[in-house]
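> If you scroll down you'll find the structure; I have some questions about it.
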Amino acid sequence: MSIPKSTPDRRVTRVMGVDPGLTRCGVGVVEGGLGSSLKLIAVGVIRTPADLDHAHRLLRIHDGLEEWRDHTRPDAIAVEKVFAQHNRNTVAGTAQAAGIAMMIAARHGLPVALHTPSEVKAAISGSGRADKAQVGFMVARVLRLSAPPKPADAADAVALAICHLWRGGAARRIEAAVATQRRGRRVPRSWKDLAR
């Protein structure tokens with residue numbers, strides 16, 4: 001897999017979304033900022049063969065995520081929050097892949113955020129119960145793509161990055177309003193006032 005090298009525009013925030021998995025770990029990098037449209041930087045999947053021993057599969061995920069981080073230089077990493085599933089082996093591998101993504105963020109001093117699947121679905125489609133096809137459709141629509149990224153793990157990673165950009169941006173604006181109020185200044189009455 002070839003990951004395009006790119007230099008982020010400092011007026012926008014670049015987020016690397018990670019849909020963790022042991023067999024397929026989706027990765028999507030999106031950038032956007034206040035008043036600018038979202039832009040897909042790169043999308044793909046890190047694959048590990050099932051016949052490889054577990055430790056070496058995790059090492060491949062680590063090396064792949066490091067390569068993605070090196071090439072795309074994100075400002076933050078958003079990871080899907082892992083929930084217990086019926087298959088304990090699946091959830092263990094998924095949680096380990098998520099931990100690797102968080103460790104890489106920490107190693108490079110990047111903020112890391114965990115988003116639940118319902119949060120991501122609600123942010124991207126308006127419904128926390130959207131299915132994978134609906135999420136993929138909305139990812140393509142928001143980014144003006146001719147088709148959703150494939151496979152679904154890649155589309156989910158892009159949706160995570162979009163969710164973080166949208167939700168993280170709102171959180172930063174709220175923090176700015178609170179900080180302004182603490183300094184004794186007038187609190188903006190609308191989000192547009194915060195952009196000034």
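The backbone N, Cα and C atoms fix where each Cβ goes, and this holds for glycine too.
So Swiss-Prot lists the following for this protein:
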ACT_SITE  D19  active site
BINDING   D19, D153  Mg(2+) 1 binding site
ACT_SITE  E80  active site
BINDING   E80  Mg(2+) 2 binding site
ACT_SITE  D153  active site
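Distances, neighbours, how buried they are, the whole picture for these features please.
For D19 (active site), the number of other Cβ atoms no farther than 10 Å from its own Cβ, over all displayed protein chains, is 28.
According to its DSSP assignment, D19 (active site) is in a strand.
E80 (active site) falls within a strand when secondary structure is assigned with DSSP. Within 10 Å of the C-beta of E80 (active site) there are 27 other C-beta atoms, taking all protein chains into account.
In three-state terms derived from DSSP, D153 (Mg(2+) 1 binding site) belongs to a helical segment. Long-range Cβ proximity for D153 (Mg(2+) 1 binding site), meaning a same-chain Cβ under 8 A and a gap of 6 or more residues, is found for D19, G21, R24, C25, G26, V45.
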